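Participant: I have a structure here, written as structure tokens, and I will follow up with some questions on it.
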Amino acid sequence: MSVQVVSAAAAAKVPDVELKDLSPSEAEPQLGLSTAAVGAMAPPAGGGDPQIQFADQKQEFNKRPTKIGRRSLSRSISQSSTDSYSSAASYTDSSDDETSPRDKQQKNSKGSSDFCVKNIKQAEFGRREIEIAEQEMPALMALRKRAQGEKPLAGAKIVGCTHITAQTAVLMETLGALGAQCRWAACNIYSTLNEVAAALAESGFPVFAWKGESEDDFWWCIDRCVNVEGWQPNMILDDGGDLTHWIYKKYPNMFKKIKGIVEESVTGVHRLYQLSKAGKLCVPAMNVNDSVTKQKFDNLYCCRESILDGLKRTTDMMFGGKQVVVCGYGEVGKGCCAALKAMGSIVYVTEIDPICALQACMDGFRLVKLNEVIRQVDIVITCTGNKNVVTREHLDRMKNSCIVCNMGHSNTEIDVASLRTPELTWERVRSQVDHVIWPDGKRIILLAEGRLLNLSCSTVPTFVLSITATTQALALIELYNAPEGRYKQDVYLLPKKMDEYVASLHLPTFDAHLTELTDEQAKYLGLNKNGPFKPNYYRY
């Protein structure tokens, strides 16, 4: 079985961007997992220079910043997850202790203090949430049961930077059950569930994350995961590319022992392609984002449900008859549009890609330029992965009480920085909801300061995250156990067989029964009866 390779040459369409500004923001075939998760994969061509240089940007962690200092307008490293213009406490319930976790001395019941969470005493509540999530994550639980005896990740030291939720906790505990040691930080300053982080810390996982981190806190947490005496990672699991970027910048020698990177976001994959194009990707990388199971299920079906949840929780609005413009008609945009249309909203779409644009038209949506409808729409939703999709000019022209939010990975799609001017007044309405008021009294409703709406303001369906998490686990197993030389310093797509295996693990939940090919049918189609059933170029 061959693996589809995305080489530096294939990334030729990626725009040239200086590496110091990389952010664009957004099977079991047979479970012989110790040698390979999904069977033999053909080695790709390609290589890269292990040397990389970033602009020298010093970051001091020894000096604790003042509260005002945490409102820094600095964009010193990456805009992916950290641009913050308000205090760390602003998105924490007023009843919470406002003392920074970095100022607290906490220990779990085993006496360990190798973690930094909001409140370790919340661990019991977090454990209950994790147990609920386990019921909706059948594939991970099956993988944990089937591979636990073999320990395919024995000796793996995984450093991760993802959203820290109950679903992530199930993934981390599965990796631990398969033999891995893990250290974890959050990829988004608002998406961490404090009680879940506490439960993980109580279980012995070094977790450094809490809801409402400042920019300085964000990078400090990542550094605490990476820079620890007597422990060095040999695998990276990233969501957005900030962890990979930090190691490249601060600890490039670590890549001598790192076997591979698994990346799950559009933003992070884009950054990996930039490194590959420049010949500066030091290790093999798996592009989980473009796997079929991630694109179709996490991006499409997950956003189809979570967009409504996020908007309802923050605004209590009714969708029927509302005019909505969705910027971008990729898988995330498709999910958002389908949900809003089903609720009776009038939906417009903006798009740069003629193929996606034609899909939007054929699905019954009117394709427009943002300028054409910006004065009349009630809701603006961005999901492009680009920057400055909604500019200050657009914001100035919006109608009173227009809701503005982002469903992309990072907060560069809406030009929030342009709203931090003396003539505009910011008024906190509730957690994650701000009124931005113009001198004439007009106001817009900005959600999560332009960050990822669903994970900042609500939750996402656990079952869908089970699909993505299982794909991540199998990609880690494959890269960690691959013989030397199978993978070069390049970016790879997951093999079709692995996607099919992940899907098959979730079918029993629906009491679904797959039809099996006869020998005659398999011969007629030129297929193996056990798959893969589609060529790599097939579009689902």
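Quick reminder: no glycine exception, Cβ is built from N, Cα and C everywhere.
Please treat TrEMBL annotations as automatic predictions, because they have not gone through curation.
The NAD(+) binding site annotation in TrEMBL covers Gly330, Glu331, Val332, Gly333, Lys334, Gly335, Glu351, Asn454. The feature compositional bias 'Low complexity' is assigned by TrEMBL to 1-14, 74-93. The compositional bias 'Basic residues' annotation in TrEMBL covers 64-73. According to TrEMBL, the feature domain 'S-adenosyl-L-homocysteine hydrolase NAD binding' maps to 299-460. Feature annotation from TrEMBL assigns region 'Disordered' to 1-113.
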Participant: For the binding-site residues listed here (Gly330, Gly333, Gly335), tell me which residue's CB has the most neighbouring CB atoms inside 10 Å.
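Facilitator: Per the Cβ count within 10 Å, the most buried is Gly333.
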Participant: Give, as a single whole number between 0 and 100, the mean pLDDT over the domain 'S-adenosyl-L-homocysteine hydrolase NAD binding' (299-460).
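Facilitator: Taking every residue in the domain 'S-adenosyl-L-homocysteine hydrolase NAD binding' (299-460) and averaging pLDDT yields 94.
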Participant: Looking only at Gly330, Glu331, Val332, Gly333, Lys334, Gly335, Glu351, Asn454, the residues listed as binding NAD(+), what is the longest Cα to Cα distance in Å?
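Facilitator: 22 Å is the greatest Cα spacing among the residues binding NAD(+).
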Participant: How many other Cβ atoms sit within 10 Å of the Cβ of Glu331 (NAD(+) binding site)?
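Facilitator: Taking all protein chains shown, Glu331 (NAD(+) binding site) has 23 Cβ neighbours within 10 Å.
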